């Protein structure tokens, strides 16, 4: 896909980030507003934040009064003071990022847990972790938070929940929540109110005197930030880069693989080979219009959704005031299948009792309900529009729908160029996501289809732009240029290695002693999707690329993948790793390729290095610890 989910261990980005002004202590805020439950989230893509909001909203159904909190906005060293509040509870929804790392907003809290031995006696807690089983450090942050809070004397109210995004994260959360609340009721001696009515979090305000200069049109943070751009550029303040190049990479076949170049001249944005570029996509206009049509809504109405909880730091679900059209186009995720809480809240708007029952059943924790949600929503890839189309009796108000839908997230891609060679140009290599669903609809990936349609210069002479920022990564070439480098990147996994090759070539031109540079690339057919073939052959001719190994999986009878070619060259590879201090890099699909490649290296260590399987696993793990086996993978 090209979207990346690995994050640096040393956070240059975090250091550069300005810590938000900590308004007040969360303890004082809880006392002042008479709350006894706080739900903290460590969130990178918004899911943990969303789960956290659902828990704090549920609290009033179970005799608790909750608030949702970003640990970055509060002084977490106050956690021991939670014991001052009677019948209080802290819940943590913690996502794990990349190689077992905390999310950006939970980094300071993670450091505090590691560095402090505060006494958490009298502090009740529960943890739900969000992870992905295809990664080695599955749910590392959830596990660590749960273990560490207990070590510090905290009392665990309910068992650690572990969500797996490779399976069904939503189902994992709902199942955990169904057991968590009875445990809370039992521990605190409170009773569920039995009130399952919908609770609105925001109220709709339609301003009468509108100054259009004060209305958001897609900005992420500061109003008019796209008109007057000011560095530094980051997630809240992306840079509008001009699209300088947009070309198709594959010669034939049913897919569209593309190479884009984003011009960042004058932005002061710096990047290194191996970093990631984040882009903010825009939803498909036809889906937005169709939602407006079904709900009989005037999409150009200027609205504001204001938090009914005046003490909350989150005043609006997305930048307000804005129009429904802008919200559905720029701010809300309308393409992914809706989560169960959205279905539950929408059920009240279905005029057919059968539809009401179906929606509520899918949101329940019953095996039948879970099965129905899996088949009707997830497997069928029904987005919110498909749900509305296939349930004609369902007619929610558009403002409530906008309150419930999650935020549209930035998409991350491995940069396919070198900042040393192209300081003002950021390259992206991606494959357009498009497929037929079981309902006969066409599913189109939001970002890749939007990028595909970015014409360099439009008919009226306007240059296409992309809101973007750069995020640092730990995927780095060795400090010593003389170290050999082995790069394994099939498909769009080749992206960061184009940057690595440009940089090794640049070092060679500077007269540096550059070690062996070996690439293992894989695609379907030589004449179809051999990405960057010309550039790679030129790198080979220039002696920058000392060995180019390409696995064409479908050009012969038996399928050949990169791991088969690694096996063929096992003696040479073992020598590079064991005696020549080579650095290994793997980029691409986490679910199959990265795992298969890792198993191949175990085999090589056993067959050529004479190690036992246990020793081989330990050997590769040690390479990872030393930064000589690096992964940049996505699932």
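Positions of Cβ are set from backbone N, Cα and C atoms, glycine also.
Curation does not apply to TrEMBL; its annotations are automatic.
Pulled from TrEMBL, these are the features on record:
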DOMAIN    37-181  domain 'Flavodoxin-like'
BINDING   43-48, 95-98, 130-139, 165  FMN binding site
DOMAIN    236-478  domain 'FAD-binding FR-type'
BINDING   255, 492, 553, 554, 559, 560, 561, 562, 563, 596  NADP(+) binding site
BINDING   411, 412, 413, 414, 429, 430, 431, 445, 446, 447, 448, 634  FAD binding site
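Here residue 255 (NADP(+) binding site) is compared against the binding-site residues 135, 411, 413, 446, 448, and the shortest C-alpha distance is to 448. Between the CA atoms of residue 563 (NADP(+) binding site) and residue 135 (FMN binding site) there is a gap of 19 Å, rounded to the nearest whole number. For residue 46 (FMN binding site), the nearest neighbour among the listed binding-site residues (411, 413, 431, 448, 559), judged by C-alpha distance, is 411. Using CA atoms as reference points, the binding-site residues 135, 138, 413, 431, 446 were checked against residue 553 (NADP(+) binding site), and the closest is 431. Counted over all residue pairs in 411, 412, 413, 414, 429, 430, 431, 445, 446, 447, 448, 634, the record's binders of FAD, the longest Cα to Cα distance measures 18 angstrom. Here the binding-site residues are 43, 132, 448, 553, 563; the one with the fewest Cβ atoms within 10 Å of its Cβ is 553. The least crowded of the binding-site residues 255, 411, 559, judged by other CB atoms within 10 A of its own CB, is 559. Residues of the domain 'Flavodoxin-like' (37-181) grouped by DSSP class, helix first, strand second and coil last, total 65 helix, 35 strand, 45 coil. Here the Cα atom of residue 559 (NADP(+) binding site) is found 31 Å from that of residue 411 (FAD binding site).
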